[in-house]
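Only one structure is covered here, and it is reproduced in the block below.
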């Protein structure tokens, strides 16, 4: 018996068997079986014919932990294998999963399992986007520290994910609010600062005048009032930190051409960035001939003509007129609403040293999102009119040659260059001097990352009265958050109140200084997390370059379409920056994107706009009405939320239907990019329940056939039965090909399930002789279970346990001593891939099948040749000769041609 135990391997721990009376008689030892698993084969050694809700639950209880343990034993260290990095967007730890989470993580889990079965080295990591405003609100409302609230939520949500049977690479778990993560967020910020890509300027914030604090946009209600105090929110200028994302606009716009798999998202990214045709240039400002130390950045679409500048224009809403600028009074004195106003302020171009006046424009809105632009009459008729109206001096700097070529004149070293060459040379020089020159659009703004919050990554800057803003030395990172005992939601940034933390020494001169009290936008934390997953425990750097280069780019990134613009833009920006810093070799972070749709619930709304709970709705009539008032209700499908009373608790539906059923429902109900209208009464849920039952029944028939005492003998099959088996072989290969394509190319997992349902339907029609004697049936049944396993891992694991111990198998290419999830993904048989020399072409006349004729393969896709071939065939002569044929139609998908004729 020792050799039998060795051969059983994996299943030896599950089952014991005795062989008595020959190889085809199986008896199972008596033993005490836990009550919760009395009905399943893996526990009892007896296959039950019925697949009930209790069976499903017993199967999942038995296999849940075992599947998890299998996954944890798979090594991710074998770099000789091709890799596959599947990443689903990590969640904010709100404390409870919703069905949207279940959908995205079911998709990523399914793809990860599939890729492992293909022999890929796979990571499917999970972590927590753990900083953010809700934790701080909880601190104010419930007197809970943000850290304890967050960690408690993470603990609960991790258990929820585990109960869903999701096998993440938990050893790679990251949490953005932990110092070992945000240390490296701070490190990257300092690298940006050193590269001139992080800077401060004044910007508008939402200000609560009662609580004396800054509000996030989501803390301002639809009436413009504070969520907490109810005060009318004011707009106030504060000095804020920005990341100069415009510096990478052109590179990121151009790189979209290298992302063919970003279906539907590339256009959104391109629109967000805009047409990158110009650049910003920096100016120093003077008033009445005196330098002020202040700077102004302005945009031009024609930087090559910068020597023809007549003025710099600002909008009436510009920060210089409303913030804390020393120029505000001089500018306001010059302002006449509704008129273009010349001011006493002069702007000195930091590249050309030209000095031109600042003009306040009459119009409030400039092009794109601009609030300042450079006036160049040589390239703008509007600028010409304004300069002439205000009597401003300027030079014509563009001359047109007889052949139409435009060249520069009166433009210092750029004189004589074509406009195109001058554009490149001048912007390059500006970038080299760090006075602008980054090619960008007139609509893209730099990224404001300052938040006047506690629960965020501290900005690692010290403000020194002597040295100015000074980055914290890298060896002193992380700058950790101080422990603040209570939160009131009043009085500005909580960090500003932590005097012991704020007051420090300047890293440069060692004099008295103060820490920056703003924290970073949480989008900064999530802009580089995909890198950290590749090397999550590295204490010396954000990630090891060689390790990141192996895993990157992410092969498939899955998340909601609502993140298709801002988050992806910021993530791409950080990846481009890290590439330029020689930290990684790949510029783009994500190869393929899958933007999954929402799961929507049904809502019932009164004419007043109030949403009702389902218990308040009378559904007995032809239209839903309010149970009390009998008012007619507006019925819609909307994103699930508590306020709309249309949410579904994932734990409740899993308890009711089982994990595999919910997984299959989510995957089958709609293509992943489409919305799902959650309604368990639709065809989708009954369909996947029936399909699981069919898989179980197919297995039962096969086990019974092989346990009948008869040995399988393929030579006993009749010609008709051999033809039946051949069709199963063809069907199996066709399904393998199509399902593999769905898993690797379009991710239409609903279509993959449909294909597998079709194969199970074909197998259920098989005759008893084919089931017993045909290797084709056995192979197709096993391939079906292997292909279904990534989507329904529990039920297929149980089925495979039953199949594994069926005696006298005819297929030797499966590894029977390991579970179904460790099988190799089925491959299409080479014979199936060989195109036949002759195709059997189905001929239809007026949509009625009339027979088939053999057509040479090289002719079968040519409409005209097939048409003539059919007419000259015996069938064509007999059925079509002398009849009026309008036109024939050759199917692009199948070997079929239809002849509409007039009798």
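Here the Cβ of each residue, glycine as well, is placed from N, Cα and C on the backbone.
Per Swiss-Prot, the feature ATP binding site maps to 642; the stated evidence is similarity to another entry. Annotation for residue 642 (ATP binding site): no same-chain Cβ neighbours under 8 Å separated by at least 6 residues are found. In this structure, residue 642 (ATP binding site) belongs to neither helix nor strand by DSSP; it is coil.
Sequence-distant contacts of residue 68 (N6-acetyllysine), defined as residues of its own chain at least six apart whose C-beta falls under 8 angstroms from its C-beta, comprise 162, 165, 167. Among the features that Swiss-Prot reports, N6-acetyllysine is placed at 68 (among others), with the record citing similarity to another entry.
Residues or ranges marked as N6-acetyllysine in Swiss-Prot: 236 (among others). The local packing around residue 236 (N6-acetyllysine), expressed as other Cβ atoms within 10 Å of its Cβ over all shown chains, amounts to 16. In this structure, residue 236 (N6-acetyllysine) is part of a beta strand by DSSP.
What Swiss-Prot records for 711 is phosphoserine, and it gives similarity to another entry as the kind of evidence. Residue 711 (phosphoserine) falls outside any helix or strand according to DSSP and counts as coil. In this view, residue 711 (phosphoserine) is surrounded by 13 other Cβ atoms within 10 Å of its Cβ, with every protein chain counted.
Positions annotated as motif ''HIGH' region' by Swiss-Prot: 92-102. Residues in the motif ''HIGH' region' (92-102) partition by DSSP class (helix H, G, I; strand E, B; coil) as 4 helix, 0 strand, 7 coil.
Counting same-chain residues at least six beyond the ends of the motif ''KMSKS' region' (639-643), those with a Cβ under 8 angstroms from any Cβ of the stretch are 98-100, 598-601, 611, 678. Feature annotation from Swiss-Prot assigns motif ''KMSKS' region' to 639-643.
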- Note on the structure: residue 711 (phosphoserine) to residue 236 (N6-acetyllysine), Cα to Cα, whole Å, comes out at 86
- Where residue 68 (N6-acetyllysine) falls in three-state DSSP terms: helix
- Query: Taking the motif ''KMSKS' region' (639-643) alone, what is its mean pLDDT?
  - Reply: 78
